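Asker: Pulled the feature table from TrEMBL, pasting it below:
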ACT_SITE  S139  active site, nucleophile
ACT_SITE  D295  active site
ACT_SITE  H323  active site, proton donor
DOMAIN    64-328  domain 'AB hydrolase-1'
Amino acid sequence: MRLKSTRYSRILHSLYGIRNLFLRAMSTKQRELYPEIEPFHTEHLKVSDLHSIFVEQCGNKTGKPVVFVHGGPGGGIGPKDRKYFDPSVYRIFLFDQRGSGKSTPSAELKENTTWDLVADMEKIREHYGIDKWVVFGGSWGSTLSLSYAETHPDRVKALVLRGIFTLRRRELLWFYQDGASFVYPDKWEDYIKPIPEVERGDIMSAYYRRLTSEDEKTRVEAAKAWSSWEMATSRLLVDDQMLKRAEGDTWALQFARIECHYFVNGGFFKKDGQLLDEVDKIRHIPCTIVQGRYDMVCPAETAWLLHKKWPEAEFHIIADAGHSAKETGIISQLVDATDKYKTL
């Protein structure tokens, strides 16, 4: 009886330990986004003979500058993107990249490369008289943020990077050819439906032919299928609101055409893996890296490789999150990061 009592005592002790760990985890307060704000200034900035980009400013007119770099490429900005930053401290810049959102011409592929966008960020900085700023970007936004920082390290106070994507061929093949399809076979069927089986050996190229077709119906059908695939896989739990976004012709065309344009051109990098290879240029810059463990769009391997090459950067794996910046644990870490850099 004594032996049995001791065993039960140990089991009970273990259960109490698990209970206490659970309660501690539940009591850890997750940070929330800052309240809704409206821009105090908007304009279309002419960046080439062809392109004008939409720029908005929010928050403190004389505050510390931060620039939000949206995803895609082609995703555009939205009102919620303003809410990661303390508006009493930060002068918040947001812009629609070439061909995206309110920028014109819509979904335009000419003069639209990574290096054009890096140059546009410099034009914004110079136009508004900013010396240095915090750069905040997720997904493709992390790609462009790294590209900008490695090109202009003297203009970056700090980096906040989420859902790391460096546009290596390996990353593209995982999501658009063979990889994420194993986890989302039902959504994958919808994604490949517009592509005949004979063309499925290179699905990105097959999509590019349709997205650049002379026929509008062909372009729109391909754009919606391409966009729906990413919207369906971006969160740990499928978000119907994200799926609805892909139903709009204009947004889907911007998102799909520009993404596919960049991807079939290898991001316009001089070599595969360029951003990881050139991390030494920016290792002196304060940085926070936030990555969802179950990110299907930009798997954690890339964030891990960046972390290993940049051990000085703060690194957070969010155990219960996918790709989206709107997931609770990711929001909390991103807001913590922007608060941390308020003092720079």
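Backbone N, Cα and C atoms are what each Cβ position is placed from, and that goes for glycine too.
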Asker: Taking only the residues in the domain 'AB hydrolase-1' (64-328), give me the average pLDDT of this model.
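Answerer: Here the mean pLDDT over the domain 'AB hydrolase-1' (64-328) amounts to 97.
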Asker: Taking just the CA atoms, what is the gap between the residue listed as 'active site, proton donor' and D295 (active site) in Å?
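Answerer: Given the Cα positions, the residue listed as 'active site, proton donor' is 4 Å from D295 (active site).
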